[in-house]
Amino acid sequence: MRKIIINGGKKLQGEVTVSGAKNSVVALIPAIILSDGVVTLDGVPAISDVDNLIEIIEVMGGSVKRDGETLEIDPRGVKDMPMPFGKINSLRASYYFYGSLLGRYGQAIVGLPGGCDLGPRPIDLHLKAFEAMGASIFYEGEAMRIATDAGQRIKGAHIYMDTVSVGATINTMLAAAKADGRTVIENAAREPEIIDVATLLNNMGARVRGAGTEVITIEGVESLHGTRHQVIPDRIEAGSYIAMAAAIGKGIKIKNVLYEHLESFICKLEAMGVRMTVEEDAIFVEEQGDLKPVDIKTSPYPGFATDLQQPMTPLLLKASGRGKIIDTIYEKRVNHVPELARMGADIQVLGGQIVYNGPTQLSGAPVKASDLRAGAALVTAGLMADGQTEITNIEFILRGYSNIIENLSDLGADIRLIED
């Protein structure tokens with residue numbers, strides 16, 4: 001069993017460069033199946049989710065060349081075949097293959113997706129959109145087959161999303177890119193990652209308008225071609241490092257940051273009294289003095305990102321006073337709370353809210369990452385704590401944070417990965 005060992009209490013200093021966005025690249029790679037030519041992605045993060053997606057593409061007959069942060073994918077050999085269930089079941093973003101395979105072949109046979117257990121994240125919205133576009137859904141054991149009649153081309157449709165959903169918005173875009181006719185998505189999610197996927201599709205020859213707004217229109221085309229695309233910076237990784245720098249840093253510059261993707265998060269930090277300087281593509285976080293507590297309520301973009309409430313929680317424990325966190329998107333995103341309490345934090349879940357009292361001096365302890373962003377919170381807590389922290393279940397962390405051990409070591413952290 002692999003684990004991360006941290007000897008905490010050391011102030012960190014230096015620079016860290018944010019990698020390409022995980023939540024973009026896990027959709028961009030499946031999107032490439034729609035292309036009739038080679039597609040190159042630059043700025044691809046070194047995370048296990050990418051490794052798994054590459055393996056899926058190769059099993060299906062595509063070819064992949066990887067050179068550092070550059071990924072070259074030739075999808076022309078991809079076959080119309082059932083997906084490899086092992087990798088599919090471990091990876092929630094595998095559902096993006098539904099849309100891309102539907103767009104290419106008129107059907108997709110896939111295992112049901114895995115990923116972090118954060119409470120209800122149903123794919124009903126995805127399936128409702130596919131049905132509106134002429135597909136039928138069949139359950140076959142642990143797999144699901146989504147298909148048009150006799151593999152016909154999927155049809156454009158007018159779709160209203162009952163709930164704002166990043167995954168369903170992207171999946172509908174993928175299916176619609178080569179559909180017969182126009183697709184309109186109303187109540188679409190507005191996240192930067194959706195704009196990134198739309199940019200790739202348009203660079204491949206698709207006709208997507210309105211990405212980043214509540215109404216997206218896609219005029220289906222018959223074919224898409226190869227291109228080259230730069231993945232946007234990971235705003236969640238950036239926010240995680242910014243919160244970490246405020247909690248345990250004595251001067252850290254976070255590079256490759258797009259401020260406009262983090263405005264609601266930065267506003268909360270400013271309300272706490274965090275001292276930082278925003279530059280064109282970087283943020284410098286100073287060593288902090290006294291901090292004030294704030295309340296956080298997550299909401300769809302451009303609101304406070306649910307993916308940032310856990311990485312920010314250890315920083316909140318440094319504030320003098322009481323505050324609360326309400327996650328309106330994923331109700332079970334509280335599994336980091338008992339682990340932080342194990343480290344001495346005055347924090348608990350009351351009535352569906354996280355309530356904290358600070359400031360708290362954390363102590364090292366054995367803890368377990370229950371999901372990706374909870375893992376990031378525990379890493380920050382371990383860096384803040386007196387003594388040694390041992391984090392298990394670290395596969396969650398490694399699937400979303402590129403080179404995190406190396407990056408933190410370069411900042412002066414006493415952190416290492418142990419292979420038991």
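Using N, Cα and C of the backbone, Cβ positions are placed for all residues, glycine too.
The phosphoenolpyruvate binding site annotation in Swiss-Prot covers Lys22, Asn23 and is backed by sequence analysis. For Arg92, Arg121, Pro122, Ile123, Asp124, Leu125, Asp307, Ile329, the entry in Swiss-Prot reads UDP-N-acetyl-alpha-D-glucosamine binding site, with the evidence type sequence analysis. The 2-(S-cysteinyl)pyruvic acid O-phosphothioketal annotation in Swiss-Prot covers Cys116. What Swiss-Prot lists as active site, proton donor is Cys116.
Annotated features, which come from Swiss-Prot, shown on the structure.
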| residue | record | DSSP class |
| --- | --- | --- |
| Lys22 | phosphoenolpyruvate binding site | helix |
| Ile123 | UDP-N-acetyl-alpha-D-glucosamine binding site | coil |
| Asp307 | UDP-N-acetyl-alpha-D-glucosamine binding site | helix |
| Ile329 | UDP-N-acetyl-alpha-D-glucosamine binding site | coil |
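With all protein chains in the displayed structure included, the most crowded Cβ environment within 10 Å among the binding-site residues Asp124, Asp307 is that of Asp307. The two recorded residues Ile123 (UDP-N-acetyl-alpha-D-glucosamine binding site) and Asn23 (phosphoenolpyruvate binding site) have their Cα atoms spaced 17 Å from each other. Every protein chain considered, the tally of other Cβ atoms within 10 Å of the Cβ of Ile123 (UDP-N-acetyl-alpha-D-glucosamine binding site) stands at 18. Counting Cβ atoms from all protein chains shown, Leu125 (UDP-N-acetyl-alpha-D-glucosamine binding site) has 19 others lying within 10 Å of its own Cβ. Taking the Cβ of Lys22 (phosphoenolpyruvate binding site) as reference, residues of its chain lying under 8 Å away and at least six apart in sequence are, in sequence order, Pro45, Ile47, Asp49, Asp234, Ile236, Glu237, Gly400, Ser402. Cα distances from Asn23 (phosphoenolpyruvate binding site) to the binding-site residues Asp124, Leu125, Asp307, Ile329 are smallest for Asp307.
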